[in-house]
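S.K.: Relevant sequence annotations retrieved from Swiss-Prot are reproduced here:
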| type | residues | note |
| --- | --- | --- |
| TRANSMEM | 32-52 | transmembrane segment |
| CARBOHYD | 97 | N-linked glycosylation site |
| CARBOHYD | 106 | N-linked glycosylation site |
| TRANSMEM | 126-146 | transmembrane segment |
| TRANSMEM | 156-176 | transmembrane segment |
| TRANSMEM | 181-201 | transmembrane segment |
| TRANSMEM | 239-259 | transmembrane segment |
| TRANSMEM | 277-297 | transmembrane segment |
| TRANSMEM | 358-378 | transmembrane segment |
| TRANSMEM | 393-413 | transmembrane segment |
| TRANSMEM | 425-445 | transmembrane segment |
| TRANSMEM | 453-473 | transmembrane segment |
| TRANSMEM | 493-513 | transmembrane segment |
| TRANSMEM | 523-543 | transmembrane segment |
């Protein structure tokens, strides 16, 4: 969450108080460098760890501990014990209302959970893990958003979450072939830490812009100041985004080379060792580059949240207990403020039909695009038998294509074809929907439709281009529909929608895999989701109407 670049709230707002030393120092080049460093440090985690290696590790470690679905006794990755009889093939009717053949039953692998109380498909284990991690991350993001936007906590929280996330990711070095619960828990904790870093990092942008020397020196013209702020904001934000992209691409190449080196070592036969090695390296990268932020960024005070209780007197008895109680009350007040901010955003958005339509469409798109990545990675490993090196190469191609999409779509394709933002957004949705549609084609054609590894390379380029394009166009379209002066609260809602949507897709895909033990069937769900977003944008959003409604709402609130 970020504050509005111009704070329109009055200083005598009852729930907020200004600290006495609210005067801010000028933004320096070193501070901008320090802010960009948070993206340089953390972006490889989301691209390499979450996007590539952790899904592979979780699937592999689940398979190493899994058993055959047909008897739930035979280990998946070990030869069958001759003393244990193999069950006879099932007769017709043994699996009523099931789409499974005997062959798919025999090949499928399931993981016993909590002492064998129930079983899940080994491919769905990673999806359930990420669904849970996003749920925890969303709760954390809402709870801490009040502290990230208020007071002097954002710097310490940014560094703290980054260091914690790096250390947790490095703990993958301790995971062995049996620790599938530990591997899953580390993914949940590290992804939650990344969410905290992202919130705190975003909250710095408006402060860096407001206190930039070229902005502070403008006193007479508000319009000129706003224009300069927009220019500086785009410049700083662009540098930060570029540093994250470059860092992620660089780290993806480094980890791929490490895996190549380890694979050629005849003394290493563990399938998860190279995966946990490169995951830990990304954690080390995150940890090392997070530390300089402590010295480069200034605390940047902002309005403190007022707590209607005085701090305890150190001279009175029971001070240690009272100070703990006081700090808990302060933490609770900040958490409550975060949820109040979210409800305020939802209440304001409910008055704007175009904002509501956008958020509904964005919920579907964000969920689908996120789930396509993890589903495709698991499909490539389990069905196409692609190696970790090949999947690393796909990650590199996706990253390069995403950069190209983010540049070419708004700067070349959109102006050349004279497309509006809504039309461009719909074009991207249709473009992305061809990915699961191509996977569905494999049900009917053996020569096409993701039956060969080379097809994954082509789809990686296709997917990356849509990913880079949608990231650029979505924010531009959404920003046009927001009432001026309420950017912070509405982008908070955008962020929560973005994060929260990623709970649904992986969970539903995991259920489909558990029911059918066929990842390809998940492409039907992803295709339907993406196509469902088209009418939401086509019929639900009128950009001119949205701008007018936002302006009217702004005037009503000012009045």
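Every residue gets a Cβ built from N, Cα and C, even glycine.
Here the structure is a predicted model, which means the values were calculated and not measured.
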S.K.: Using a Cβ cut-off of under 8 Å, list the residues of the same chain at least 6 residues beyond the transmembrane segment (425-445) that approach it.
M.R.: 365, 368-369, 372, 376, 379, 409, 419, 451, 455, 459, 462-463, 465-466, 469-470, 473-474, 477, 520, 523-524, 526-527, 530-531, 533-534, 537-538
S.K.: Tell me whether the transmembrane segment (126-146) sits in contact with the transmembrane segment (493-513), defined here as at least 3 Cβ pairs under 8 Å among residues 6 or more apart in sequence.
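M.R.: With 3 or more qualifying Cβ pairs, these stretches touch.
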S.K.: At a threshold of under 8 Å on Cβ distances, which of 32-52, 156-176, 453-473, 493-513 pairs most often with the transmembrane segment (393-413)?
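M.R.: It is 453-473 that shares the most Cβ pairs under 8 Å with the transmembrane segment (393-413).
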S.K.: Find the member of 156-176, 239-259, 453-473, 493-513 that has more C-beta pairs under 8 Å to the transmembrane segment (358-378) than any other listed stretch.
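M.R.: That would be 493-513.
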